[in-house]
Amino acid sequence: MRGLLRDFRDAPVVWGAVLLLLAVVQCVSGMVMVMLSNARMAMAVPGLHGRAVMFSMELSGPPLVPMIVVGMLMVLLVVSSAIRQRRRALALIALQGATPGQLTSRVCAQVLLLDVAATLVSLIVSPALARGLYPFATRQLEANGLPFLPQDVTGMLRAWSCGIVFGFAMALVGSLLTVRVVGGISPVEALREAANPPKTVGVPRLVLAWIMFAGALVSLAVGLLNVRKTSMARMSVQVTFSSMSPLAYGNMIAMLLFTVSVCLAGPAVLSATVRMWTAVVRLPWPAWRIACQQARARVCASSSTIIPLAAGLTLLMSYESLTSTITAWTRLLPAGTPTVEVPGFARILALIGTSLVPVLAAVCSGYLIAQRGRELDLALVAVSGGTQGQLNAIAALDGLMIVVTSSLIAFVPSLLVSVSFSIGIWLSFDVLVFGMPWLLWLVVVLLLAAMAMLGSWLTAQRGIRTSPTVVIARAAGE
């Protein structure tokens, strides 16, 4: 126990970043369970049963499964990044006689201790979040006006406990998928890899990523094969979103599988993506050239930031591509044709917000974990003759490159989903529509780029103001 606490003290930023993600996962899962518990109580109240059933179905359908899957993947990515940062410390422990099983148990114990602390945070935050966001959720999920009913302590604790079980399971599975590799690394190999993170993923993980990608393509194909030929002229009685449900559900399953494949592939796609777009975009500024060189050199060390952001963008923009295509399709329907309301951006956030919040937490956690490496890079540039202005520009451009790389990775599955749904509508109605939300893509990327550049510049200021020799000596003596 004393050794675990010493490791927490030696690397507070690394383990604090892991705690941040675990706390967010626990709070979000607890909030969802409290909302579902409230909906179940409302089913017994006269006049509220119909809305309560609708809200429970909407909240436990599309939001719940992605939340669980994405939560586990985010824990996997962030814990993996934390282990890479602490690989040298683990190697030294192994040299002192620790067995592979002891190393694995040690890391598992550290993560579970942090998850217990995250559970205590969620005990306070989850009920407050559920009460505060309940009106927004009911308004967007077709249960407008459904009240948040007072619950007794037993009911609240039961709902919170269910959320904690979900969050704890996500943390446990995500950690076990990562920490099992600790025991398989020799001390010498770990010391060698401490400064040079692996540029690819293991074969089992890469194979699983390809299986998920192939599964997404199969899901798109199955949706297309179940489309029925229908004449637009005869669709005058009922043309609704449910009439295209096989295609829609196939695309929604594909979105999730694409997100999983992006998370699992990791460094296998990052290096090629960064090299491709930095070779195409050539700017004459020295700071840009240095930033591109650094991005290509340490892209794998930044995977815990880039991959979660790419996964979140894949989920968000795939869903928005689907709804944009549906909107373009409904505009071509005959006048007077009954349709359902196409989800707007606010409803999309209500549906997948429980997945996007852990993604954002994982992005922040991954960035904090990799921050020390960025300080060393800037110190080396300063020693090589870089000016203060160049260091500030490189720090800001680092955030821009993270967003651009994530957007390019997410663009491919989003485009596949939109094209698949467009083909399905064409096969069914002989009408070709394409609803890729280009403007929203641009707005989201620009907003993320601005926030990333500002955040990257601000977090680099301490390293820029510190003497380069001090930063290099600190890194060498870690």
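One is the number of the first residue shown, and numbering goes on along the chain from there.
Glycine too: its Cβ is placed from the backbone N, Cα and C atoms.
As written in TrEMBL, here are the features:
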type	residues	note
TRANSMEM	12-36	transmembrane segment
TRANSMEM	64-83	transmembrane segment
DOMAIN	67-186	domain 'ABC3 transporter permease C-terminal'
TRANSMEM	157-182	transmembrane segment
TRANSMEM	203-227	transmembrane segment
TRANSMEM	247-274	transmembrane segment
TRANSMEM	348-370	transmembrane segment
TRANSMEM	400-426	transmembrane segment
TRANSMEM	438-458	transmembrane segment
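Across 203-227, 247-274, 400-426, stretch 247-274 shows the highest tally of CB pairs under 8 A with the transmembrane segment (64-83). Spatially, the transmembrane segment (348-370) is adjacent to the transmembrane segment (12-36); three or more Cβ-Cβ distances between them are under 8 Å for residues at least 6 apart in sequence. Most Cβ pairs under 8 A with the transmembrane segment (400-426) among the ranges 12-36, 203-227, 247-274, 438-458 are made by 247-274. For the transmembrane segment (247-274), the neighbouring stretch richest in Cβ pairs under 8 Å, chosen from 12-36, 203-227, 438-458, is 203-227. Long-range Cβ contacts of the transmembrane segment (438-458) within its own chain (Cβ-Cβ under 8 Å, at least 6 residues beyond either end) map to 309, 313, 316-317, 320, 324, 345, 367, 374, 392, 395-400, 402-404, 407, 411.
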